[in-house]
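Asker: Pasting a structure here, questions to come.
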Amino acid sequence: MDAEKSNKPGNSALKQQKLKSWSFKMSKIVLGFFYIFCGSFFLIIGSVIVSESNSVIEHKLRYDNVDACKADWKTRPLCTIKLELDEKMPSPVFVYYEITNMYQNHRRYNKNRDIKQLMGKTQSKNDIDSYCDPVKTMGDLGLIVNNYYLNAKSVANPCGLMAKTFFNDTYTINPITSGIAEVKISFDELAWETDKDEKFKNNDNMHLQWTDVENQHFMVWMSTAGLPTFKKLWGKIKHDLPKGQYAITIQNNYDISDFDGEKAIIVSTTSGLGGKMSFLGILCLIVGGISFLGGSAVVGLGFYLKKIKGISID
Amino acid sequence: MERGSVQNTTPERLIYVPKLEPSHFIPNSITTCKYNFLTFLPKNLWFQFQKLANIYFLIIAVLQVIPQITVSDGVPNILLPLGFVLTVSAVKDLLEDLNRRKSDNEENNRQILKWQNSNWESLKWMDICVGDVVKVRKNEYFPADLILLSSSEPNGLCYIETKNLDGETNLKHKLCCRVLHDMLHDEGALDRFFAEIICEIPNPMIYEFKGKITAMDTEVMLGTEQFLLRGSSLRNTEWIIGIVVYSGHETKIMLNSSKSQNKFSFLEARMNDEIINIFILQVTICLFCALFYVIWFSHTSSDTEQYLELDEHTESRLVVFILIFFTWMLIFTNFVPISLIVTLEMVKFVQGIFISWDIKMYYEENDTPARVQSSNLNEELGQIHYIFSDKTGTLTCNIMEFRKFCINGTSYGTNKRQGPESKKPAVDFVDPSFDAFAEDYQEFLLHLALCHTIVTEKAENGEIEYKASSPDELALVSAAKFFGVELLGRNGNQEVIISVHGEEKAYQVLNILEFSSNRKRMSIVCRFPNGKLYLLCKGADTMLLPRLQRDQRNIEKSWEYLEAYASEGLRTLVLATRELSDDEYEAWNTEYLRAMGDIVNREKLVSQVNELLEKNLLLTGITAIEDKLQDGVPAAISFIREAGIKVWVLTGDKIETAINIGFSSALLTNEMSRAIIDGTSEYTVKFQLQEALSGNRFNASKFALIISGDSLLKILKSDLIFMFIKLIDKADVVLACRVSPQQKADLVRLIRDVKPNVRTLSIGDGANDVNMILAAHVGVGIAGLEGNQAVRAADYSIAQFAYLKRLLFTHGRECYRRNANLIGYNFYKNLLLTLPLFFYGIFSAFSGQILYSMWTYQLFNVWFASFPIMIYAIFDKDKEFHKLEQMPELYKIGLKDKLFHGIAFWSWIVEGVLESVVLTIVSVYSICYSSTESNGRIMGMWEVSDLIYSLVVIVCNLRVFGFSLTFYWFSVLISFLSVVMYFLTSAILTQWLPIETYLDNYDGRGSTAKILQVANTYFVIIIVCAGIFIIAPIIKYIKKIKKLLTPPPKYKEIPENDNEEQVEPDEDLPLSTYTPLLARKHTGFAFSGELGHTPQITDPSFRRQS
């Protein structure tokens, strides 16, 4: 009876903090070897990433400053630039446009849309007020439409700054000396599945919309870019582009002069890791290098100190 | 009895018996709980919103609903963590309050007998009122402050035990007023009892009471002798009858209960400072962001017009600035680690549980485990610089053991100890050469058995228990019993019954000449069965030597032994006798009675009269009593001192006793130089201080300062305090003797004032230590047999002083290490979480873009990154615990605050900043600079955000391993699960929940799936983690190599000291071999009785014989 009443704490491993545990106390030499091992691993990864990136063929052509596209583009928006391929670009080849100095990720900009409207719901002016201000009506959009469904005062669908500034340059690529008849650009695999399946739905009454929300160019545009200089996928060429010259005809609609931007078209293949980008690979090489050298130094110095000076570093 | 002496002093309280209805006095029920059912919510919220952090939360919540500022679509989701914090605190408060309520109820519902309707009726304590006549029976507690009317004892005495009040176990007696006692001895008289009591209004002076009762036209003065305090209990007396004078919260004990303030640990205080620094940093960053944005905006507003259409709020730059500033403040909500406070509290609570579970701090003998009263001081235990210790009951057991004695110049008793099987209480005597039956020794043994003030009590099992006011006397009487001369008790005729080797004899004690601190001796006059009269006297050697007959043999020899005993740390007493003739006695007794009758100068006169009798004494013997140290005290003290902690012993004992204990407990060593400050005038104290300061002793050896309470009084009240501070700064050990409870606390406060950066710990067991326990940073109570005042006031309680070592060096040190890391890590963690938002601002023009989904953002500190660090802080071990208790140098990390001083803390911050830069830039460029999949699609901001957040979660969870020293299966698992938990939550929100249910996540829809299906994500994770973890060991290694290659600093001084201090006294050898002059001059005498503990009546009016 007394034993039960006792205040004696239990003698379990938990209560006495004697649970089984490990502590890693590597000797410095072992640690050095571990570093060498990790370093080698990163050097390998880095090399793979860099070589993958190098295997990508990418051509970037800035056209907003090309004379043909520059002069008086608002009245004669069509212009043509030349693309010269000195090697074959295997399919698929992707066409991107790049815009600089445009803050799609500005807090005010990327929130400026009505989610429900984008998902196909008919929203009243009041509904969109807090989201789409200041682009709420067709008039705000600056589009002159006057038909049965839409006039300057009707609700803009889609509304908001993002939709208003929808990128509307178009490109056609025509072979000149490459030996193929035409370059077919398809627009059906540009957006992510979630965009297509969930995020963008046309209204049941398409007439209420001034543009097709399910258009994949629109979806791509509406996905906020991460950087003020951004690329967006515009088209996919599902066949090889042989070596040779091509003419790119640009419907040059989009005004970038106001924000000191630049426009470029990029034609690129991809590797298994995506487009051309050696940044990550170089980073891997640096970290791997440091680790390898550090490890070697630890091992070398350790042995040196032990053998020559008789000091153990552990 | 002068009239009116009461009236003139203070306003008074008038009580009528029987009491008037309705009573205007407060009821006797007590409530110490803070809340009741209705007031809990409002009151608790009010308390909680007095905390700065909670107000901050609230302001954030308000900002969150302002549309121009909000980053969470107007949803005040900060209320989620705020609600959590409030609930946790409220539940904690509620539980504590329920506990208090329970103990209140227990106390309020105790039963007491009250005279009512001509009968004793049983009532609850809370139903008692001022003016009620109550009856308290043996071993019951007094329900309120009472005036003693009458007692079951014919002589009007009653015994009380006050261990709940002052921790003393010895019995004290109270005495009825003769008139009242006679008046009420017949119970029927109570019905006819009318009285009027005048007494002081309620006050906290526990040892004072003045009053006057007028009953049946008789006026009687009342004093402390008739005053019974709530909280003490009736012992040795069948019953008493009393009148309630103070009830409930007006009782003296309640007025004295000091509300212990919340103590904060040094680490926590530092943390709060850093929180403010971090908050300032946050504001600075937000100001920077706002400023940057305004400048960017001014420069580009015309450029960005086309797509941002910012013109509509361009009217005022200031407005933009303010809006952006508050937006950033909202984004940075988690910059200041508010969750840290909750985490820390929870962790400390569990740490506290583990402390109380530690079986190494469980004392089998009295079934007492360690207890933690305020776990928020756990880490403070790892940073203690000064320990202030009580002596009696703390360093020592408060058990006196009879060890040796000397008769006729021969010493008996060896240094051997009794085995546990033959061990008797209060005696530890081994010497086969001593024959207890030898005729020569009988006088000595009888002296032991007779000359004392012990009261006997028959326990239920028929054994005779000795109730002593001084443990020394207990040792003496027990020794007599051990040798066959057993004290059996006293009978009504003032006769002491003694069984001399089995033969019962009655010795008539005629007078007791009481002990006083001036007299340092006590005597009894006793008529032996053979009719002869003897004076038996015992006392300090200094007092008795002049009173001994000059020409005795063996005196010199005996005195040599006495000095030897003293130098071993034993407390000595000299016993002496004188035979009296009847005539001499009668003459003296007349004088004595007259002196006793003098109320004004009684003490002085009696002392003068006593001198007449205590002279020409014959030496009977010398006794040596050991003030038994608790187990392991010397080892613990020397270890504690080795670790660099200064130990002060503050005791109410005399200087010589304290020095003896100092030596036996390894506090003082032979090599130390000592300075004794015991002057009683300012001049002598000053001289002594100068003397102590001037010597070149400090260079040569360690230095111990011994100071008396009287000198301290002079020092603390004058300029001498500066000299004193200089001196204590140099002292390695300080012994303060004869200090009052208040002085103990003053000394602690002095150190705290003089050295604001040191942490102090007070350890004690009695109510006299309560002040000092409350004054120190950490209070530790010794939970033992005695009262629990100290334990109640303390933050921690342990059963043995030696456990302090484990408490400090294992738990304290580890808690400091873990909690310091926990705090640093929490700052780091939140920086790592929030700073990417800032660095991403570089890419988004500091426009106030919040990357994270607001809900996952708020869940970070709740789900994704809180558990591994908590597991760490509870379970991590530097070394196996017993190793921590072998290496005092390991305690230095806390003493020097190595883990949380400025650089240590800011290195966490710098790490957080650097890593968040790396993390942000690597994520941004590897995900959305180019396509990351063969399908050529490019990810955007929301995928970057997801990657950054994932990286933060992973890095934070892994980072814990960076400073963990032990790994458990569950610690690894928890870290893993935390990461998995994040991905699951994220997948649910961005993928599995239908999009309509959670529109907030529209932007991030599918982002988790997207990033998880590209290889770059994994490369980024690996490379960032590797980059982060690779650097620290390299830096550490470089430091180590550097240290190895530089010549080692001089460590020569340390080993010397170590050896010196590690010497533990060998039990079989004399405890100390020194022969200091001190010991010769003042031999500690074993006698700490007090006035007023005599079991016999000194009040002549009660004497039956006269």
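Every residue, even glycine, has its Cβ placed from backbone N, Cα and C.
Here the structure is a predicted model, which means the values were calculated and not measured.
Feature table excerpt (TrEMBL):
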type	residues	note
ACT_SITE	B:Asp390	active site, 4-aspartylphosphate intermediate
BINDING	B:Asp390, B:Thr392, B:Asp765, B:Asp769	Mg(2+) binding site
BINDING	B:Asp390, B:Lys391, B:Thr392, B:Glu473, B:Phe515, B:Lys538, B:Arg571, B:Thr651, B:Gly652, B:Asp653, B:Arg738, B:Lys744, B:Asn768, B:Asp769	ATP binding site
DOMAIN	B:23-73	domain 'P-type ATPase N-terminal'
DOMAIN	B:791-1041	domain 'P-type ATPase C-terminal'
TRANSMEM	B:53-72	transmembrane segment
TRANSMEM	B:275-298	transmembrane segment
TRANSMEM	B:318-344	transmembrane segment
TRANSMEM	B:831-852	transmembrane segment
TRANSMEM	B:858-875	transmembrane segment
TRANSMEM	B:903-927	transmembrane segment
TRANSMEM	B:947-969	transmembrane segment
TRANSMEM	B:976-995	transmembrane segment
TRANSMEM	B:1015-1035	transmembrane segment
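Burial and contacts for the listed features, if you can.
Answerer: The local packing around B:Asp390 (active site, 4-aspartylphosphate intermediate), expressed as other Cβ atoms within 10 Å of its Cβ over all shown chains, amounts to 28.
Contacts of B:Thr392 (Mg(2+) binding site) defined by a Cβ separation under 8 A and a same-chain sequence distance of 6+ are given as B:Asn398, B:Asp627, B:Thr651, B:Gly652, B:Asp653, B:Asp765, B:Gly766, in order along the sequence.
Taken together, the residues of the domain 'P-type ATPase N-terminal' (B:23-73) have an average pLDDT of 82.
Counting same-chain residues at least six beyond the ends of the transmembrane segment (B:53-72), those with a Cβ under 8 angstroms from any Cβ of the stretch are 78-79, 81-82, 85-86, 323, 326-327, 329-331, 333, 336, 338, 341, 848, 850, 854.
Below 8 angstroms of C-beta separation, residues 310, 314, 317, 320-322, 324-325, 328-329, 332, 335-337, 827, 838, 841, 845-848, 909 of the same chain, each at least six residues beyond the ends of the transmembrane segment (B:275-298), sit close to that stretch.
Distant neighbours of the transmembrane segment (B:858-875): 77-78, 80-81, 84, 334, 337, 339, 343, 346-347, 350-351, 354, 818-819, 821-822, 825-826, 829-830, 833, 952-953, 956-957, 960, 963-964, 966, 968, 970-971, 974-975, 977-979, 981-982, 985; these residues of the same chain sit at least 6 beyond its ends, with a Cβ under 8 Å from one of its Cβ atoms.
Long-range contacts of the transmembrane segment (B:1015-1035) within the same chain: residues 915, 918-919, 922-923, 926-927, 932, 947, 950-951, 954-955, 958-959, 962, each at least 6 residues beyond the stretch ends and with a Cβ under 8 Å from a Cβ of the stretch.
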Asker: Out of B:Asp390, B:Arg571, B:Arg738, the recorded positions in the record, which is closest to B:Asp769 (Mg(2+) binding site) when you go by Cα distance?
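Answerer: Closest candidate to B:Asp769 (Mg(2+) binding site), judged by Cα separation, is B:Asp390.
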Asker: Can you tell me the CA-to-CA distance separating B:Phe515 (ATP binding site) and B:Asp390 (active site, 4-aspartylphosphate intermediate), as a whole number of Å?
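Answerer: Roughly 24 Å, rounded to the nearest whole number.
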Asker: Of all the binding-site residues given, namely B:Arg571, B:Arg738, B:Asn768, which is spatially nearest to B:Asp390 (active site, 4-aspartylphosphate intermediate) at the Cα level?
Answerer: B:Asn768
Asker: When secondary structure is assigned with DSSP, how many helix, strand and coil residues does the domain 'P-type ATPase N-terminal' (B:23-73) contain?
Answerer: 22 helix, 0 strand, 29 coil
Asker: Can you tell which of B:Phe515, B:Arg738, B:Asp765, B:Asn768 has the least company, meaning the fewest other C-beta atoms within 10 angstroms of its C-beta, among these binding-site residues?
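Answerer: Candidates: the binding-site residues B:Phe515, B:Arg738, B:Asp765, B:Asn768. Fewest Cβ atoms within 10 Å: B:Arg738.
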Asker: Can you count the other CB atoms that lie within 10 A of the CB of B:Gly652 (ATP binding site)?
Answerer: 22
Asker: By the DSSP assignment reduced to helix, strand and coil, which category contains B:Phe515 (ATP binding site)?
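Answerer: Its secondary structure by DSSP: coil.
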